[in-house]
Amino acid sequence: METVSIGNQTITEFVLLGFYVKAELHLLLFIVFTVIYASIILGNMLIIVAVVSSQRLHTPMYFFLANLSFLEILYTSSVVPKMLEGFLQEAAISVAGCLLQFFIFGSLATAECFLLAVMAYDRYLAICYPLRYPLLMGPRWCLGLVVIAWLSGFMVGVVIIALMAQLRFCGHNHIDHFYCDFMPLMSLACSDPSVAQMTTFILSVVCLTVPFGLILTSYGRIVVAVLRVPAGASRRKAFSTCSSHLAVVSTYYGTLMVLYIAPSAVHSQLLMKVFALLYTVITPFFNPVIYTLRNKEVQQALWMLLYVKQAEMIEGGWW
């Protein structure tokens, strides 16, 4: 892997330009995104704690949700801290650190694509085949699906980053983004990036369209099954849940498809950054609420955990 060069001068870092906003707004944006980031971490941590601590939540659905929460903690943490730094000072990042950030982010984003498809498939089996569900979604199969999702993401990331590491970067070292994304990095490459671009395009098509197609198929079959149920509260709840999930999933997949399959459709760098915010910050912010925290079983598990902790503190003489 080569460093960035400008003439005879060797440069060992990139500078992330972030958002072009007035200096007076930097502190406000820092506070807003810090609160959002803290909410993402807290919300997902609560889900993990609830699933691990409650025996009632040791089911395939919550096992997948706990994995999603853990993934999104890592996912946002690979991008947001450097973005927050950019609101306070110049956000510099080494060449190796930049490639590492993209590798972690890209691998986790791909893994989430597959994991969301697994979760939709799980709901399809639970609703359409309730009697056979325990057999169809046994512990080993659940673990296998999660391992496949995680490994698939990192295998794709290894292929792409191996090709990017062979490129030679030159010219200026300013990346017009708030993190090290693929297209801004390719625009700084002096050597021919066509192999890396074509490979990334093909992998993006496969890793985005196939899982998204499975999700649409699963929810389509769920809707058909729900329509057979007499109208009532259960049908309304099922439709509400499906619509919420599809709204979040569509936002996530839609923005990724635009930026990685049809980047030419985005004519503004500002619009590209806004789209990137949707899948790096906004979607992870709403996922804990949409998927789990409004779920009564999770709420009961958290209240029970809080009650037990209070009782332990009282017995230990803390109060």
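Here the Cβ of each residue, glycine as well, is placed from N, Cα and C on the backbone.
So that you can see what the record holds, here are the features copied from TrEMBL:
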| type | residues | note |
| --- | --- | --- |
| DOMAIN | 43-291 | domain 'G-protein coupled receptors family 1 profile' |
| TRANSMEM | 27-49 | transmembrane segment |
| TRANSMEM | 61-80 | transmembrane segment |
| TRANSMEM | 92-121 | transmembrane segment |
| TRANSMEM | 141-165 | transmembrane segment |
| TRANSMEM | 201-227 | transmembrane segment |
| TRANSMEM | 239-262 | transmembrane segment |
| TRANSMEM | 274-293 | transmembrane segment |
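Taking Cβ pairs closer than 8 Å, the transmembrane segment (274-293) reaches residues 33, 36-37, 39-40, 43-44, 46-47, 50, 62, 65, 68-69, 72, 75-76, 79-80, 105, 109, 177-179, 181, 244-245, 247-248, 251-252, 255-256, 258-259, 266, 299 in its own chain, all 6 or more past its ends. Residues 110, 113-114, 116-117, 120-121, 123-124, 127-128, 152, 156, 159-160, 235, 238-239, 242, 245-246, 249, 253, 256-257, 260-261 of the same chain lie 6+ residues outside the transmembrane segment (201-227) yet bring a C-beta within less than 8 angstroms of a C-beta in it.
If one looks beyond the transmembrane segment (27-49) by at least 6 residues along the same chain, the residues whose Cβ comes under 8 Å of a Cβ in the stretch are 19, 21, 65-66, 69-70, 72-73, 76-77, 80-81, 83-84, 87-88, 281, 284-285, 287-289, 292-293, 298, 302, 305. Predicted-model confidence for the domain 'G-protein coupled receptors family 1 profile' (43-291) is 87, expressed as mean pLDDT.
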